[in-house]
Amino acid sequence: MVSIRPDEISSILKQQITDYDQSVSVSNVGTVLQIGDGIARIYGLDQVMAGELLEFEDGTEGIALNLEDDNVGAVLMGEALGVQEGSNVKSTGKIASVPVGEAMQGRVVNPLGQPIDGKGEIPTSDTRLIEEMAPGIIKRRSVHEPMQTGITSIDAMIPVGRGQRELIIGDRQTGKSAIAIDTIINQKGQDVVCVYVAIGQKSASVANIVEVLRERGALDYTVVVSAGASEPAALQYLAPYTGAAIAEHFMYQGKATLVIYDDLTKQAQAYRQMSLLLKRPPGREAYPGDVFYLHSRLLERAAKLSDAMGGGSMTALPIIETQAGDVSAYIPTNVISITDGQIFLSADLFNSGLRPAINVGISVSRVGGAAQTKAIKKIAGTLKLELAQFDELAAFSQFASDLDEATQQQLERGKRLRELLKQPQFSPLNLAEQVAVVYAGVKGLIDEVPVEDVTKFATELREYLKLNKAEFIEEILKEKKLNDGLEATLKEVINEVKSSMLATV
């Protein structure tokens with residue numbers, strides 16, 4: 001027979017009383033009423049907040065967007081094949097956040113910050129809210145540093161500054177993404193962190209862009225955020241905010257960052273799809289009433305911070321796709337009014353062989369002029385006007401039989417300027433090369449060169465400077481000014497290259 005020892009029992013009871021944990025966990029739980037098309041209607045969740053993360057039974061996450069009297073409308077961030085009517089949903093008390101930090105560079109992630117490049121987990125513990133308030137007035141300063149794109153026509157006529165929002169707008173297949181990729185490639189060695197956000201694009205296109213960046217050594221300082229065409233609308237809607245959050249981390253550390261949103265038309269369409277399925281009232285072009293706020297709160301996060309805040313910057317290059325060149329549609333006009341200027345790409349110019357196909361007449365940079373380097377500002381001041389006048393004269397001259405000599409001369413120079421500004425893809429030019437090319441055209445030093453040989457002349461001029469005048473390039477890149485001595489050297493080089501070229505023609 002087992003003997004009972006009272007002292008042993010009392011010590012066990014005392015121990016259990018001591019170890020007793022009285023904490024109570026309260027969770028806000030609801031039930032799925034209806035599920036379909038990436039939208040869930042949930043009963044319960046009385047304490048849920050707008051924009052709060054929800055967790056479904058199968059681990060799928062969602063965001064509460066519609067808070068109604070008797071149900072909550074949520075969008076699902078995943079396939080949600082395991083979510084059924086009657087399954088439980090739990091509110092997390094958190095807002096969506098993404099991992100950020102140095103380890104993100106060189107990686108391809110989805111809008112939740114999860115790696116999709118097959119290189120394993122990203123070793124970072126830092127996170128940042130996807131939706132953050134834009135910096136206030138006191139935290140900012142005016143744009144004053146150049147963000148060189150490496151594309152002569154942009155840096156000379158439509159300059160972009162660090163902290164600016166410059167829209168790239170045009171029809172499909174006019175080279176919008178090409179300009180953005182060239183700008184990323186041109187940041188090599190400039191200590192700029194780049195974020196490329198691909199929204200609703202084909203996976204093959206994104207893979208091609210990643211490969212181009214890798215080949216040119218640009219992936220090392222770039223983060224690619226991809227929400228493909230096959231992803232749920234909620235992820236396409238979130239992708240730009242994820243890109244902004246990743247860039248903000250570096251901006252608040254005092255670094256310069258560049259974010260490409262390719263493209264915001266697809267994000268607006270994803271948001272329209274979500275809103276209509278949530279039964280929000282449609283407005284113009286069936287977009288919801290707050291579609292302006294969708295883009296304004298995103299693009300306002302781009303800024304040049306004050307010195308007290310570390311002096312970092314986020315430059316945004318949003319891309320918008322137009323239909324048949326119609327910039328007066330709803331989304332294009334919204335984004336044009338939010339940004340600090342636009343680069344308009346024309347399908348007609350593209351098809352005529354002018355690449356990049358920039359329509360100088362309606363492209364503008366509202367704040368970039370203050371950031372333009374003195375060297376290019378000094379010589380490119382009249383370039384935009386000359387090209388705009390050339391376009392007008394070219395249209396007029398089709399109907400005029402005899403033109404006066406001054407008009408003919410202007411037309412001939414315009415043709416040569418057009419040829420000088422042609423630039424192949426993935427070949428950005430440095431400041432010194434741009435200065436040399438623009439100077440030759442604007443000063444009329446190549447008026448005798450046949451139009452068909454202008455591109456060849458520009459290539460030979462750049463090669464000559466690299467081989468024989470390396471000190472000229474170094475001086476321009478260092479001082480960013482074109483003084484009288486450098487100007488005399490440049491004029492001498494241009495005439496020398498021109499003479500040797502005309503002798504062989």
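Cβ atoms here come from the backbone N, Cα and C positions, even for glycine.
Per Swiss-Prot, the features are as follows:
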type	residues	note
BINDING	Gly170, Asp171, Arg172, Gln173, Thr174, Gly175, Lys176, Ser177	ATP binding site
SITE	Ser363	site 'Required for activity'
With a radius of 8 angstroms around the mean position of the C-beta atoms of Gly170, Asp171, Arg172, Gln173, Thr174, Gly175, Lys176, Ser177, what other residues of the same chain does the ATP site pick up?
Glu321, Leu345, Ala347, Phe350
So if I draw a 10 Å sphere around the Cβ of Gln173 (ATP binding site), how many other Cβ atoms end up inside it?
12
Roughly how many Å lie between the Cα atoms of Gly170 (ATP binding site) and Ser363 (site 'Required for activity'), rounded to a whole value?
11
Counting other CB atoms within 10 A of each CB, which of the binding-site residues Arg172, Lys176 comes out lowest?
Arg172
Using DSSP and collapsing to three states, where does Gly170 (ATP binding site) fall: helix, strand or coil?
strand
Of all the binding-site residues given, Gly170, Gly175, which residue's CB has the most CB neighbours within 10 A?
Gly170
Spatial neighbours, same chain, of Asp171 (ATP binding site) - Cβ under 8 Å, 6+ residues apart:
Glu321, Thr322, Gln323, Ala324, Gly325, Leu345, Ala347
Within 10 Å of the Cβ of Ser177 (ATP binding site), how many other Cβ atoms are there?
19
If one measures from the C-alpha of Arg172 (ATP binding site) to the C-alpha of Ser363 (site 'Required for activity'), what distance in angstrom results, rounded to a whole number?
17
Please report the Cα separation of Gly175 (ATP binding site) and Ser363 (site 'Required for activity') in Å, rounded to an integer.
15
State the Cα to Cα distance, in Å, between Ser177 (ATP binding site) and Ser363 (site 'Required for activity'), rounded to an integer.
17
Taking the Cβ of Thr174 (ATP binding site) as centre, how many other Cβ atoms lie within 10 Å?
27
Using DSSP and collapsing to three states, where does Ser363 (site 'Required for activity') fall: helix, strand or coil?
coil
In whole Å, how far does the CA atom of Lys176 (ATP binding site) lie from that of Ser363 (site 'Required for activity')?
14
How many Å lie between the Cα of Gln173 (ATP binding site) and the Cα of Ser363 (site 'Required for activity')?
18
